[in-house]
Amino acid sequence: MVATSTRNGEAPPSTPPEVDPKASPPRRGREPLRRRVRRDWALLALMLPGVLYFLVFHYGALFGNLIAFKDYVPFIGVWDSPWVGMENFTSLLSDGDFWHAAWNTVSIAGLQLLFYFPAPLALALLLHSLAGDTLRRFVQSVVYLPHFISWVIVVALFQQVLGDIGVLNGVLGDMGLSAVDIIGNPDAYRPLVIAQVIWKECGWGTIIFLAALTNVNEQLYEAAAIDGAGWWRRFWHVTLPAIRPVVILLLILRLGDILTVGFEQFFLQRNAVGPAAGEVLDTFVYYTGIGSGDFGTATAAGLMKGAIGLVLVYSANKIAHRMGEQGVYKSS
Amino acid sequence: MSANRPAWMGRPSPVVRTAKAVALTVVVLLVIFPFWTIVATSIATPEEVIANGGWVVIPTTLSFSAYTDVFEGGVITNALAVSAGITVIGTAASLVATIFLAYALARPGVVGGRGVLLLVLFTFLFPPAMIPSFLVVRETGLFDEYAALILPVLINVFNLVVMRGFFQSVPGELIEAARLDGAGDLRILTRIVMPLSKAVIAVVGLFYAVAYWNSFFNAIIYLDDSSKWPIQAVLRQYVSQGAALTDTSEQTMVNSPQSVKMAVVVMATIPIVLVYPFIQRFFTKGVLTGAIKS
């Protein structure tokens, strides 16, 4: 009872606090900590499982990154393993396999940027141009579906369609043509993984563009049309400016993630094409760390990747600001 | 269908309309066809699959022998049960943890609330890396336990932020009124906030469920004992590595492994396809678009 009345006494009389969460009641700070804890104990108890989760599995893992600077010995644990300074990093940087994986990653990311990035935008524009709601909803529900399918299944589907005993080669065979070697062929690997990610995520990727497109004020189109603007000019002067912030925002996020091309997809197919074509940084971390037990070097690789990613997002955001764009969202 | 075309938008020319129709048909077919052919291959007679070289698009006779084979084997039945268990228990645990934390962080002025919020948002910048997470799982004794498939991914930060945003929009007057009536926080959460947030809870729950059902990598690294593996991990083993079904014995080999494989793929996909219309319903409500924009 005491707790309740204190809480009510403090709430600003007219405005409910939920309307503006940032304006915390000024008097609250002066209350002794013990009373505040006693007042909020129920909420603190509700927080507990979540806070524990973050402390153990996020901050614990963050702490585990220390082994990038250590000679990790599993028996004595992260803390007691001897420090080795930058040794893991120097051995990593002199490892040709690492550079190879880095090159594969960057070039696949480049191809993704070129082909996978614009695909959802094109599909969104096509969907948005449809006049019929029923048709649009139908197409949307079809193209969103692959997003929810696991990579294991996506890989299996591609094998069944494009594999050596798959539909494509069967049809080619029936037509008397020679088979095409796609699955498991290192030379075809890059186009294959790009095709897969487009198949899986292109539809889902339209959501954010469609949201931006539907937010465009209809009157702008109307006014443009009345002024005699044709389809192209309406697109250029109304549609494009409206979606530009979203496109730039996604582009920034994508640039920051240039060292991440997706893990599961590559983990599943790396052995089929061999490390020369199939190794990317994330699979390199996996095979170095969990595969060969060199935890220190693997962690160093992961850490370096994360750090470069942060720098990239930060710089891309800076450039966007300089260009007068909004850039990455400010997290609430 | 074209009733809601605005007056200023002229009817597109036949060429444009045809081009659009063709493009849409191609897109839809590209998405549907792979699903179609795995289902067709799984329900064709094994002889037909073999005779046709491993795939079927339109089966001449239907046969469910691939499915009965799979269920007789035991491996798949077991893996499906594991997946179902992980999905149900994991989703429940994740929802409870997410709702609790989101609610506590949505209430203004909670002691330590800002600190916890920062703690959580900071993890956006540094998602847990593979090797350190692996070490945490090992050091906490979760290795080779089913809990290793749930606890390390208990709360998704994105889901948490979406949920918190939704809870914040619950009118404060309602909550204060309930407090005046003597309701505690747990009661307010379960009787007022949660009933008002059914849509977001459903969406987040479905997202968690899909993620649990689809996950395979954690099982591969955290569960040494492959008899504990969920369906996706097992499926990966012999779809992408060509391994035979370990205890479906020679019967499988005789019985066209391709149709059996496809039957397994179908079974691993079916729960998602069944749940999909429910996810789909919420897109129209704009829950997601609103969330993504924030």
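Counting starts with 1 at the first residue shown.
Here the Cβ of each residue, glycine as well, is placed from N, Cα and C on the backbone.
These figures come from a predicted structure and were not determined experimentally.
Taken from TrEMBL as is:
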type	residues	note
DOMAIN	B:80-279	domain 'ABC transmembrane type-1'
TRANSMEM	B:21-44	transmembrane segment
TRANSMEM	B:79-104	transmembrane segment
TRANSMEM	B:116-135	transmembrane segment
TRANSMEM	B:147-167	transmembrane segment
TRANSMEM	B:188-213	transmembrane segment
TRANSMEM	B:260-279	transmembrane segment
Which of B:79-104, B:116-135, B:147-167, B:188-213, B:260-279 contacts the transmembrane segment (B:21-44) most, counting Cβ pairs under 8 Å: B:260-279
For the transmembrane segment (B:116-135), distant same-chain residues with Cβ under 8 A (at least six beyond the ends): 101, 104-105, 152, 157, 160-161, 221-222
Outside the transmembrane segment (B:79-104), six or more residues from its ends: residues with CB under 8 Å to it: 110, 113, 116, 120, 146, 149-150, 153-156, 159-160, 163-164, 166-167, 185, 189, 193-194, 201, 204-205, 208-209, 212-213, 228-235, 267-268, 271
Sequence-remote partners of the transmembrane segment (B:188-213) [C-beta within less than 8 Å, at least six residues beyond its ends]: 83, 86-87, 90-91, 94-95, 98-100, 103, 149-150, 153, 156, 159, 162-163, 166-167, 170, 174-175, 178-179, 232, 271-272, 275, 278-279, 282, 285, 287-288, 291
